[in-house]
Amino acid sequence: MTIKSDKWIRRMAQEHGMIEPFVERQVRGADDSRVISYGVSSYGYDVRCAAEFKVFTNIHSAVVDPKNFDEKSFVDINSDVCIIPPNSFALARTVEYFRIPRDVLTICLGKSTYARCGIIVNVTPLEPEWEGHVTLEFSNTTNLPAKIYANEGVAQMLFLQSDEACEVSYKDRGGKYQGQRGVTLPKA
């Protein structure tokens, strides 16, 4: 597998709709203010977080069960910022919609700006022929409230292309998160 460059990412986004909307350069500032960078980079694409959050709360004293997840465990927030309580987490989604080619696996890594503040971003790999908005999980590992900024960079996608296409893709398997839009909760 080889990691793909900015030229390949740009071509796949513009000619094949791999990333929509696509920002073809690295954005570091907007309207004379600093932002956490997003857009294409040398060997990846920095995604933005949409202004749609689900913040975990345990007001119902529920047990977290991935096979039977209780939607009431989250508070919905639509805002340019999201405050995550200490030692808690929030779900969000990317601004960008992805269409992954059949011979590509995409790995997501959190941005160091957030990691250096104790905020960890987790996303499982985007499998061949998966498409949708990426659901992002932010863990606040600190004992203080933590802030996430919508419409700014939160994670980097790395695109790894295989020397041959897989026999069975995520789409072929009828993956349960195929075509997801918005923040998607666990499905068992």
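Just so you know, glycine gets a Cβ as well, placed from its N, Cα and C.
Going by Swiss-Prot, these are the annotated features:
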ACT_SITE  GLU137  active site, proton donor/acceptor
BINDING   LYS111, SER112, THR113, TYR114, ALA115, ARG116, THR135, LEU136, GLU137, GLN156, TYR170, GLN180  dCTP binding site
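Distribution of Swiss-Prot features across the structure.
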residue	record	Cβ neighbours (10 Å)
LYS111	dCTP binding site	19
THR113	dCTP binding site	14
ALA115	dCTP binding site	13
THR135	dCTP binding site	19
GLU137	active site, proton donor/acceptor	15
TYR170	dCTP binding site	20
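Under DSSP, ALA115 (dCTP binding site) is assigned to a helix (H, G or I) in the three-state scheme. Between the alpha carbons (Cα) of TYR170 (dCTP binding site) and the residue listed as 'active site, proton donor/acceptor' lies a span of roughly 21 Å.
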